[in-house]
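The structure under discussion appears below in the form of structure tokens.
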Amino acid sequence: MRLSTSALVLGAASSAVAFDQKVLGDLKKPAIDLDLSSWLNFGEEITAEAKAVWEEVSMLAPDAVEAFKKQVIGTKPKKANRRPDNHWDHVVKGADVQSIWVDKNNEKHRKVGGRLDNYNLRAKKVDPSKLGVDKVKQYSGYLDDEEQDKHLFYWFFESRNDPENDPVVLWLNGGPGCSSLTGLFLELGPASINKKIEIVNNPWSWNNNASVIFLDQPVNVGYSYSGGSVSNTVAAGKDIYALLTLFFHQFPEYAKQDFHIAGESYAGHYIPVFANEILSHEDRNINLKSVLIGNGLTDGYTQYEYYRPMACGEGGYPSVLSESECQSMDNALPRCQSLIKGCYESGSAWSCVPASIYCNNAMMGPYQRTGRNVYDIRGNCEDSSNLCYSGLGYIAEYLNRQDVQDALGAEVSSYDSCNMDINRNFLFAGDWMQPYHQVVPNLLEKIPVLIYAGDADFICNWLGNQAWTNKLEWPGHKDFKNADIKNLKVEGKEYGKIKTSGNFTFMQIYGAGHMVPMDQPEASSDFFNRWLGGEWF
């Protein structure tokens, strides 16, 4: 996840769009309706606090607000050159899969539910010897939404161990707008890229005992592209369901395995909705067994309360702010939470956008202005041009090589680790502060949920993640809140704490920032394998 204090205020109007957003409760309806005329009467739809924030932005950037009123500014489409179907080893037509019927309880049913006729899946076998990322079987390709001109890129790695029986995991990075190939090469995939742009094997890769799909989503992220854009989590969920359905149809040898979704950061938004979308289809070929969210943003109302404690010495690391700065964050919290509450209650972008603008500036701004790494409170940014990490630059250089793009079938003209247009689109669609934690109880009725957090992260810190899991209202709330906290160990060495009850588990991982598998590879491999093995559920 990347946040820019100045961009949030001064870029507000120039990047914004006028939205009428549906209330979250109905996840089957499109979340967004464009309505430019709504600017004229939006003051009747939002709280006085939210309106005041809009007025503050108007004073800071009047020209930008005028531009906001007049036009919708969307994501610039990526330049792409679609490869012909004969380039691919497999082309799966969603309409064909949608038309398959089977007998069930003496009645005819579609084999898999959901609308698929606008989707197609393309796949090619990747020659491991060409790239040297791993020796295992690999596929890459695109999910195409032909109706919406959306094309999502994925890269699949088979398990190094027992692919016929090991589970399958979908990995999602956050942002919103950051490529999941970051997770592949910087965190948990079979290899990393060094400063010489060379492949380096990762002995702690998550595909040691699981097959892993790395997906660039939403569109216009990484190798994915579109003539349009996606600016809300619910819409993106339909694409994920289609991708998995068509992938498992083409490769049924993986469909019989257990399936899990894992991710970090803004995936705290994505994963509850994506899992809920999958579970909503009774007839499906996706054997979803659990979800894992690392250092996620899921419940803004609760989590934003813990930026001040984390920055001011209450999260296990020394304070990085002065007393007066800490006090100013305390003073700002009531207004921040009031704005978020208004967003939760209305679901309207007119309420949710001011909440994001005000809270990000008031609760994150003081920390950001120190120059410290928002993803790791232990130090400063090593590379401000690459979200604090030089490794992102190495990855981008590698993935922009023509031989790499040809080997994978990539169709875009360039690769970027993060697309900040997407980040702004989600923000100004009101998606940022939506209460996606309210979807989690529905998941807990059906599957286990793991929330893990590196304890040195600031931006989605462990204090906030611990707090929202303790506060979440679900039938097992009391038992979970009162559950014993136990040590996590590998090879006799303690690396964290765990609390688990029923289908809900929370982990605090020591000495790790926002990207736990990067900072603590052995520890993350340990809890990942134990989780997939069902130790805590």
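Quick reminder: no glycine exception, Cβ is built from N, Cα and C everywhere.
Annotated active site per Swiss-Prot: S265 (among others), in sequence order, evidence recorded as sequence analysis. Under DSSP, S265 (active site) is assigned to a strand (E or B) in the three-state scheme.
What Swiss-Prot records for D457 (among others) is active site. For D457 (active site), the same-chain residues lying six or more positions away in sequence with a CB closer than 8 A to its CB are N295, Y375, D376, I377, A512, G513, H514.
DSSP classifies H514 (active site) as coil under the three-state reduction. Residues or ranges marked as active site by Swiss-Prot on the basis of sequence analysis: H514 (among others).
Here Swiss-Prot flags C178-C418 (among others) as disulfide bond, drawing on similarity to another entry. Within 10 Å of the C-beta atom of C418 (disulfide bond) sit 23 other C-beta atoms, taking all shown protein chains into account.
Swiss-Prot lists C312-C326 (among others) with the feature disulfide bond. Sequence-distant contacts of C312 (disulfide bond), defined by Cβ-Cβ distance under 8 angstroms and a gap of at least six in the same chain, are S319, V320, L321, C326, M329.
Residues near C359 (disulfide bond) in space but far in sequence (CB under 8 A, at least 6 apart, same chain), listed by position: G300, Y304, C336, L339, I340, M433. Taken from Swiss-Prot, the feature disulfide bond covers C336-C359 (among others), and the record attributes it to similarity to another entry.
Positions annotated as disulfide bond by Swiss-Prot: C343-C352 (among others). Under the DSSP three-state reduction, C352 (disulfide bond) is assigned to helix.
What Swiss-Prot lists as disulfide bond is C381-C388 (among others). Less than 8 angstroms from the CB of C388 (disulfide bond) sit N373, V374, Y375, D376, C381, E382, each of them six or more residues away in the same chain. C388 (disulfide bond) falls outside any helix or strand according to DSSP and counts as coil.
The N-linked glycosylation site annotation in Swiss-Prot covers N209 (among others). According to DSSP, N209 (N-linked glycosylation site) sits in a coil region rather than a helix or strand.
Long-range Cβ neighbours of N503 (N-linked glycosylation site) (same chain, at least 6 residues apart, Cβ-Cβ under 8 Å): L443, L444, E445, I447, P448, V449, G476, F537. What Swiss-Prot records for N503 (among others) is N-linked glycosylation site, and it gives sequence analysis as the kind of evidence.
According to Swiss-Prot, the signal peptide annotation covers 1-17, on the basis of sequence analysis.
The Cβ of C336 (disulfide bond) has 23 neighbouring Cβ atoms from other residues within 10 Å, across all protein chains displayed. Using Cα positions, the member of the recorded positions N209, S265, C343, C352 nearest to C418 (disulfide bond) is identified as S265. Straight-line distance linking the Cα atoms of N209 (N-linked glycosylation site) and C352 (disulfide bond), rounded to a whole number, equals 41 Å. Looking only at the recorded positions N209, S265, the densest Cβ neighbourhood within 10 Å occurs at S265.
Cα of C178 (disulfide bond) to Cα of S265 (active site): a distance of 10 Å.
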